[in-house]
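What follows is a short report on a single structure.
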Amino acid sequence: MTSRVSRLDRQVILIETGSTQVVRNMAADQMGDLAKQHPEDILSLLSRVYPFLLVKKWETRVTAARAVGGIVAHAPSWDPNESDLVGGTNEGSPLDNAQVKLEHEMKIKLEEATQNNQLNLLQEDHHLSSLSDWKLNEILKSGKVLLASSMNDYNVLGKADDNIRKQAKTDDIKQETSMLNASDKANENKSNANKKSARMLAMARRKKKMSAKNTPKHPVDITESSVSKTLLNGKNMTNSAASLATSPTSNQLNPKLEITEQADESKLMIESTVRPLLEQHEIVAGLVWQFQGIYELLLDNLMSENWEIRHGAALGLRELVKKHAYGVSRVKGNTREENNLRNSRSLEDLASRLLTVFALDRFGDYVYDTVVAPVRESVAQTLAALLIHLDSTLSIKIFNCLEQLVLQDPLQTGLPNKIWEATHGGLLGIRYFVSIKTNFLFAHGLLENVVRIVLYGLNQSDDDVQSVAASILTPITSEFVKLNNSTIEILVTTIWSLLARLDDDISSSVGSIMDLLAKLCDHQEVLDILKNKALEHPSEWSFKSLVPKLYPFLRHSISSVRRAVLNLLIAFLSIKDDSTKNWLNGKVFRLVFQNILLEQNPELLQLSFDVYVALLEHYKVKHTEKTLDHVFSKHLQPILHLLNTPVGEKGKNYAMESQYILKPSQHYQLHPEKKRSISETTTDSDIPIPKNNEHINIDAPMIAGDITLLGLDVILNTRIMGAKAFALTLSMFQDSTLQSFFTNVLVRCLELPFSTPRMLAGIIVSQFCSSWLQKHPEGEKLPSFVSEIFSPVMNKQLLNRDEFPVFRELVPSLKALRTQCQSLLATFVDVGMLPQYKLPNVAIVVQGETEAGPHAFGVETAEKVYGEYYDKMFKSMNNSYKLLAKKPLEDSKHRVLMAINSAKESAKLRTGSILANYASSILLFDGLPLKLNPIIRSLMDSVKEERNEKLQTMAGESVVHLIQQLLENNKVNVSGKIVKNLCGFLCVDTSEVPDFSVNAEYKEKILTLIKESNSIAAQDDINLAKMSEEAQLKRKGGLITLKILFEVLGPSILQKLPQLRSILFDSLSDHENEEASKVDNEQGQKIVDSFGVLRALFPFMSDSLRSSEVFTRFPVLLTFLRSNLSVFRYSAARTFADLAKISSVEVMAYTIREILPLMNSAGSLSDRQGSTELIYHLSLSMETDVLPYVIFLIVPLLGRMSDSNEDVRNLATTTFASIIKLVPLEAGIADPKGLPEELVASRERERDFIQQMMDPSKAKPFKLPIAIKATLRKYQQDGVNWLAFLNKYHLHGILCDDMGLGKTLQTICIIASDQYLRKEDYEKTRSVESRALPSLIICPPSLTGHWENEFDQYAPFLKVVVYAGGPTVRLTLRPQLSDADIIVTSYDVARNDLAVLNKTEYNYCVLDEGHIIKNSQSKLAKAVKEITANHRLILTGTPIQNNVLELWSLFDFLMPGFLGTEKMFQERFAKPIAASRNSKTSSKEQEAGVLALEALHKQVLPFMLRRLKEDVLSDLPPKIIQDYYCELGDLQKQLYMDFTKKQKNVVEKDIENSEIADGKQHIFQALQYMRKLCNHPALVLSPNHPQLAQVQDYLKQTGLDLHDIINAPKLSALRTLLFECGIGEEDIDKKASQDQNFPIQNVISQHRALIFCQLKDMLDMVENDLFKKYMPSVTYMRLDGSIDPRDRQKVVRKFNEDPSIDCLLLTTKVGGLGLNLTGADTVIFVEHDWNPMNDLQAMDRAHRIGQKKVVNVYRIITKGTLEEKIMGLQKFKMNIASTVVNQQNSGLASMDTHQLLDLFDPDNVTSQDNEEKNNGDSQAAKGMEDIANETGLTGKAKEALGELKELWDPSQYEEEYNLDTFIKTLR
């Protein structure tokens, strides 16, 4: 069965295959847009999306639900009684009357049927369940549960269900067997054909499973519902409708008819567009809710045993019910009361089913923090969507059922144990109920019930139940607090007691409980209750007692809990009542400070810091009795100890001293008397959960200082934030305390042997100064003691930066360096044979160690070993060893150098961080020092070299502070130099700012293309990568600093820093009008740098700066875009593009007006190159922001895709490929604000062109200006419209309609029309452009006559010359060429006489069967590509036969460069597509293949048009292909077996040596021998045959002739087939007729046959051995290579016109192309082409327009031979070919071409692999079981892991089940 994938299907498949969620969502949203544009196709769209709701992949189901929601949102609400409300009897149109008549008759039929008890729709509701009958106890007692998978995967049912399982298994086997029989049955007469071994069944099962997994989802029939079935079962319903359909009224303006005007105005072509099979559904289409079918399918799936199907069904119902609950089950013809009742019953039935799922579902997915029950969550959302549409009575019933689910009263359920999953489901239902129907709860007094349920849930032992219970009240706390105080008090008491109990690390519910508590504490009512309780029980209920209960959760293992407790602390701090702040003390400060030091999560680290700052601020405001320094008196020292713990390097960690870590009063241990349990649930995982895992120490790596595990940045960031928090704390201390602390503690940190304390002390001092100055009035100075204490130490080290000691943290790197030095010395001894005594002594102890002395090993020692010592030792080596030892010594020496550089780098980074913070501090407490250089150098070094972003940003802030101080002190020159250096940092990365001197030589090249090829080449260069990394770091530092500078100085920055304006604009303005050739390297680099700086700084500029300084200079930038130097054009293009990303309207308006016209500048290559390069960079930098402007770019790009310059061509096509895929999205984009009016109008004009290009159905109808003698069908007129569109815009294309649809006729129409229009224009204008030019048709030689005949038939007014025949014939024809309108020639002639044909320019150059030029390297392809023509057109039924590369060759003829160079195409498309064909490729490679295929499809989409016969010809009879098997004859069998035995080993060896040409040749010869033998033994028995004598003996013994028909079973089979067709019947009954003395002869046979063979010899045997000997009455003709190509059309014509000719004998090569042989209705292949496309084309000679009979195709195949195997494979290939070639194009609406490429789709290839495996032996079949999957696992491990279906990560669950987001969708 062939896979059929239209463009719409491709769009739908993106729901599953999209590489990111953004892509998948976009695909889903486009489904909604399609539904909006084509509401009549809503059901069709839904049927395609529906299967994706039920797949295994989570994200696919969710995206499919989104698509369903988008589709149904655009369907009108269904109210069949709407007209009941409208009075009046206005007369309508005949169509309206017809509809009224249909409805009236329908009503009568309904009433009649009801009276006869045949149809009573109301009584059909008996299967619906009601809430009154919903009994929880019965449901739970039934024993039925819904787990993760069905009973086929797990034995979950009791003994009672054994029979069901057995029956299911039996049905499975029956189904598989029947499938096997149907597909593999070769010959009905062979009794053993249906007998299948167990192995075959197992293989079939696997194959079925694989194909199920790999084939695209087929649309599902969602139109059929119980209601529509009931309606259709009414008597005479169809007849009634049929009679109505044929009534006169229904023919008026009938939308089911296509009417096509013809050139001859007296004719109209009228065609039916609706197939009869669809008529039946249309009878009831307007009588039933259109979604009834899908609604019922989803209802059935809601109770599926597979959780994925349940989940998908719930999602689908949710989307359906949101808008369309009102329409469920309503039927036209019922009264409103009846419909209301039906609707109410159906919705009640849905509610009861949802509740049942709550009760029975047991599936849960454990994600990090909690369990998520996706089925129950989605069912709860569906219930919420349903509740909006239900009345009060049903809502109360649902609430009561949910309450039963939660409480599970044992008296009611009769079960001793409660089922927590049912409770969980009930709570989820109530959670959504509460959010949706808040007012309803108050109106019916249900809020107290809700509270009771919440309290019940909170008191359960299951975390998941507690978590949902807590979340129920969170959205309605403001309503809840209005209840009586006792209820609030109970809840608050419960929550605090829970927090006291939930003290283990796996309590996932803590976060939800804390969120609820935080919300409650926002309300004064709750605070009042807490105050009152505090007065009564101060020790228990004051905030001072309550808040410490939260402390243990600060370091909880679950991040959401840590976040919740921090948010709760902020909530408590924001309470306005001062009396609630009595819990602020030293302990909470210290615990939160520890949180900062220990937190690895960046978001929570920042939140911890914010909480700490809030604590300080509130303490300062509220507490006056105790100063902050008093509070910190006991905590300052321990905090500083922890903060100053050194941060080591890999190989040496420094752990925090645990005695300084304060633990909260409540520890992490479980109470010995109770242990909590995780909720037991069914999950896909069998991973055991270890016991006693309650405490997880998440802080262990941080406490241990584990650099390897955490990375340097994670640890450093916590210390930097800690230092900032510490500094902030100190800024609130009293001066006396500060002075003492600075003198006795902090200043000593500056002299510690570790670098970390020194750096952090620097940060503390600088941040302290900054905080202190912010807290005090402007102008007030820092206390003098700060400068006195720190200034001497810091200044000394800044002035003597080289006098730093070697820090202890550097010891590991020095030890590693020493090891490399020792290794070098050892190499001298081991390889260089140097005596030990000649080696220098290297100290064992390294600098930095505690015992290190003055002679300890350091970097200096290593440098001596590397240089001085190395040279001495090498000289002293024996000469005989020098050569041998040179390579090992150089390697070892290089490793020493690498280690030296590494050690220096580490030391430099650490000293740099220290000095930068010292410099920052001195600037703050001393102001500008006299010696600025040490300060500037330290800060700038940190900006350009610091790897930690926080430290780099702090250095940048200090540089900006320095610039401010310099400006205040009028030191403009110094500040200007700093800014100049910062701008220099932006230009060091040559990937961003090119090097002028290197690129100045390029003038007629596009630099973008050069840089891209260079970047690919440089990827593997390690040195370049390191330099690039350093340049990027420097650029990043410059950007950070300049961004801060722009923020601080604002719009006045260019006034305050004139040097910056100069850097930005002066060099551009100075050289604006200067010739590029006169610019020297220095000036050129300045210009390039200006562009680079402008690009980088533009995003930081204010709007006023942009308007006044940048937009006014666009003309200056434009001069450089037009420069003759590539580097200037590149810089200007990138600058424009980056500016457009920020200010799109201004830049794009200028681009459209001033720059796009340059793309058509024929006289200036630099204009075309610059403008094309700009568009390329616009598409890259703007990404989807370019959407509103895409419409302006397409046409100029199309023009440049055929540019004479290769670089322009390549870049234009690359750009076109990237933006063409955005065109479908452009239509929905509003005009950008501020876009000038004339551009808005222009956009509409451009859109008209684009719409025609992307959707030929929008192509303007082309009325033929001349009378073509043919009647065009609708689709043919559409094709001509498309060809006319291509003609108008000078585009070229491929018309690849299915064979037999009239490609020739459509081509004649456009050629003849254009010829006429050009002639008309020439007569008016005498323009050279419209002078008369002939058109050239190049086709296979057998079709030259066919084209001549077609032109004579349809356009006889055109003079046609067939330039074909031998050289002498062609010589006589050459004089006629100059006068011809049409020249028809063959490919061979075109190649041989290219010089003759090239003398003429052509209007059209048409390649018929254009796939012949698929090999781009062939002389033929190269020849036709040299022909000059205004328009190029390829006609082919099969544009791709084997390889996607063939498509490149076709487009290289049409538009050279459109698909890039062949090499580029290979890299971008062919390789990834080919790689994805291998079933063993990774999922990443598979996706790359799919994306490449999709990208290629989108790029070629506008230039290929394909329609299929079955889609455009409703009157074309079917084509039936059958295999006809025959056994080998005895002689053939003997020869075949002898050959295979002897040749098998030889062939095997040849296959091993298949790279050798001779080996390949031998294999081919062997295959050809076997192939010929299968046809006839005479074809192989040459005089040289080794067994000739044996054969002759055999023939003598049997008395047979070699050419006897007994020796040729294929001829016997052919005779039998012909007899069955009624051909040659006279020969059977000849004897009988002679006896009766009168002849039995039919002049015309019932059937006529085309008989195809590969070889002319085989045709001879059919003619001589069969027809002449055994079937002399058969009349026949022959068409093979011996017939002159010019005479072949005569043979065709005679055969078609003379029905008494029974058979036409053809060779596939000659008769398989382009010919119209509709006179035959039977096609018989005696021999077969190994390329299935050729056979496919051959059989379509008969199956084409004009054929009135069913076409039967017979393939005669010899059983048990190579032929059968090859044909089995070919049969598979034909399936793929069918996928590729016979794909529907959805008419012209999608102009689809991807089906032509689907041969390269991974899905199809997998099928091929399976087919080949099934042909293998049992070992191969067995091996299938154990192929490693993408995880690398096989066997049972693979199966086990395979059960773990892919779910989303927690963040995606949060997104899908976010209550607030969901509620918004309902409103």
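Glycine is treated like the rest: Cβ placed from N, Cα and C.
Feature annotation (Swiss-Prot): of 800-803, 892-895, 1408-1411, 1416-1419, the stretch labelled motif 'DEGH box' is 1408-1411. In Swiss-Prot, the motif 'Nuclear localization signal' annotation falls on 195-211 of the listed ranges 195-211, 416-432, 1708-1724.
It is ASP1297, among the binding-site residues ASP1297, ASP1298, whose Cβ has the fewest other Cβ atoms within 10 Å in the structure shown. Cβ contacts within 10 Å of MET1299 (ATP binding site), excluding its own Cβ and spanning all protein chains shown: 22.
Excluding ASP1297, ASP1298, MET1299, GLY1300, LEU1301, GLY1302, LYS1303, THR1304 themselves, the residues of that chain whose CB lies within 8 A of the CB mean position for the ATP site are, in sequence, GLY1437, LYS1509, ARG1744, ILE1745. Counting residues per DSSP class in helix, strand and coil order gives 60 helix, 26 strand, 63 coil for the domain 'Helicase C-terminal' (1639-1787). When averaged over the repeat 'HEAT 4' (1108-1145), pLDDT in the model lands at 93. Residue density at GLY1302 (ATP binding site): 21 other Cβ atoms are found within 10 A of its Cβ, drawing on all protein chains shown. A 10 Å cutoff on Cβ-Cβ distances gives GLY1300 (ATP binding site) a total of 20 other Cβ atoms nearby, all chains included. Same-chain residues at least 6 positions away in sequence with a Cβ under 8 Å from that of LYS1303 (ATP binding site) are, in sequence order, GLY1279, LEU1295, ASP1297, ASP1408, LEU1435, GLY1437.
DSSP assigns ASP1298 (ATP binding site) to coil in the three-state reduction, outside any helix or strand. Around THR1304 (ATP binding site), a 10 Å sphere centred on its CB holds 23 further CB atoms from the protein chains shown. THR1304 (ATP binding site) falls within a helical segment according to DSSP. Sequence-distant neighbours of LEU1301 (ATP binding site): residues of the same chain at least 6 apart with a C-beta under 8 Å from its C-beta are TYR1275, GLN1276, ARG1507, LYS1509, VAL1512, LEU1513, ARG1744, ILE1745. Counting residues of the repeat 'HEAT 1' (289-326) by DSSP class, helix then strand then coil, yields 30 helix, 0 strand, 8 coil.
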